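Colleague: Once you've had a glance at the structure underneath, I'll fire off some questions.
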Amino acid sequence: MGCNRDCGLIAGAVIGAVLAVFGGILMPVGDMIIQKTIKKEAVLEEGTIAFKNWVKTGTEVYRQFWIFDVQNPEEVAINSSVIKVKQRGPYTYRVRYLAKENITQDPETHTVSFLQPNGAIFEPSLSVGTENDTFTVLNLAVAYNNTSDGVYKVFNGKDDISKVAIIDTYKGKKNLSYWLSYCDMINGTDAASFPPFIEKTRVLQFFSSDICRSIYAVFGAEINLKGIPVYRFILPSTAFASPRENPDNHCFCTEKVVSKNCTVFGVLDISKCKEGKPVYISLPHFLHGSPELSELIEGLSPNEEEHSTYLDVEPITGFTLRFAKRLQVNLLVKPAKKIEALKNLKQNYIVPILWLNETGTIGDEKAEMFRNQVTGKINLLGLVEIILLSVGVGMFIVFMISYCACRSKRVN
């Protein structure tokens with residue numbers, strides 16, 4: 001009888017130990033299986049999940065415009081007064097609905113090239129007016145339709161998944177020819193996706209043709225998006241800081257007068273990539289900009305929630321599942337004796353023309369598919385690992401304590 005009990009307790013302890021060991025072994029093995037699967041499906045080639053979503057996004061993307069309507073143009077022209085503006089909007093367009101074109105794989109360099117056609121469909125139900133409103137600076141759809149961005153050549157990740165989606169060349173070049181030194185480099189991806197297995201400490205670099213430069217985002221918070229854990233990466237204020245605050249930005253300062261010897265921050269002179277037109281880019285309402293920028297403009301109200309840029313990235317796959325890209329287009333207006341409207345100006349103005357908010361969020365159907373195919377399986381595997389380890393350790397401890405207790409009673 002005693003032997004049977006002892007044997008049963010030992011057997012229970014052994015079974016518990018085996019379950020615990022199996023659970024422990026399943027952790028690294030499970031991680032290896034996940035990594036192998038992700039590495040396979042993240043490659044940009046025919047037949048993978050990444051390629052299907054990369055060719056044509058399943059996310060509805062909208063670009064909203066707010067126009068700055070100048071309220072006192074005559075007063076400014078005569079007295080060089082503070083410019084009073086009132087934003088009108090949004091005027092909303094659906095964009096990024098066209099599939100990539102001229103997709104060409106290069107097996108020797110492990111790259112894929114493509115052209116991204118632009119298109120814009122006006123959405124009256126999401127807008128405050130029509131495209132023909134008189135204060136609109138230009139017909140926004142006409143300015144965007146029938147154009148294309150690229151040619152891009154990106155790494156497909158076939159030989160090295162840590163390089164997937166990273167831009168190799170843009171319009172056949174590795175540099176932009178707009179900036180000096182490393183500021184002219186084309187870095188990172190196009191922000192639609194990043195190489196998988198993202199850590200919070202990683203700085204996400206990406207190139208934006210809208211602002212004619214590469215830029216970066218840093219980790220801000222963990223967020224739950226439709227049941228999917230994502231990392232929110234935000235565009236930090238240092239990205240548009242002056243060289244005095246961020247020395248890495250010294251090569252983005254291209255002139256000394258308007259920038260007041262490179263001390264003005266929060267705006268970027270992109271005239272070199274706009275055929276010499278005096279265009280300056282900033283965050284909306286001069287968010288994170290120098291105080292002197294808004295001193296000459298009345299009617300601005302910058303705030304982080306409405307005017308900051310962010311990316312919500314699923315860290316295992318590197319897919320961007322939600323984003324908000326916000327930027328403002330400004331024009332430099334200077335005194336000019338030969339131009340009637342400008343001859344009385346006594347100072348330079350960086351005048352806001354419009355700001356845009358381009359947003360996209362993974363749809364409910366896509367989110368469910370993502371949960372089922374990716375996060376659901378990973379969570380299930382993690383749950384099995386924890387259960388095996390917990391139950392195994394628990395069984396081992398309970399049966400061993402019982403065995404020792406029985407042995408102690410018999411001895412006594």
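Just so you know, glycine gets a Cβ as well, placed from its N, Cα and C.
Annotated ubiquitin cross-link per TrEMBL: K409, in sequence order. Look at TrEMBL and you will find C183-C251, C212-C273, C253-C262 tagged as disulfide bond. The annotation site 'Critical for TLR4-TLR6 dimerization and signaling' is assigned in TrEMBL to Y403. Taken from TrEMBL, the feature transmembrane segment applies to 7-29, 380-406.
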Colleague: Return only the integer: C-alpha distance in Å from C183 (disulfide bond) to C262 (disulfide bond).
Modeller: 15
Colleague: My understanding is the cutoff is Cβ-Cβ under 8 Å with a sequence separation of 6 or more in the same chain; which residues meet that for C212 (disulfide bond)?
Modeller: L176, Y178, I270, K272, C273, K274, I281
Colleague: Give me the CA-CA distance between C262 (disulfide bond) and C251 (disulfide bond), in Å, as a whole number.
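Modeller: Each residue's Cα considered, C262 (disulfide bond) and C251 (disulfide bond) end up 10 Å apart.
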Colleague: With Cβ-Cβ distance below 8 Å and at least 6 positions apart along the chain, what are the contacts of C253 (disulfide bond)? List them in sequence order.
Modeller: S242, P243, S259, C262
Colleague: On a count of neighbouring CB atoms within 10 A, which of the disulfide-bonded residues C251, C273 is highest?
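Modeller: Top count of Cβ atoms within 10 Å goes to C273.
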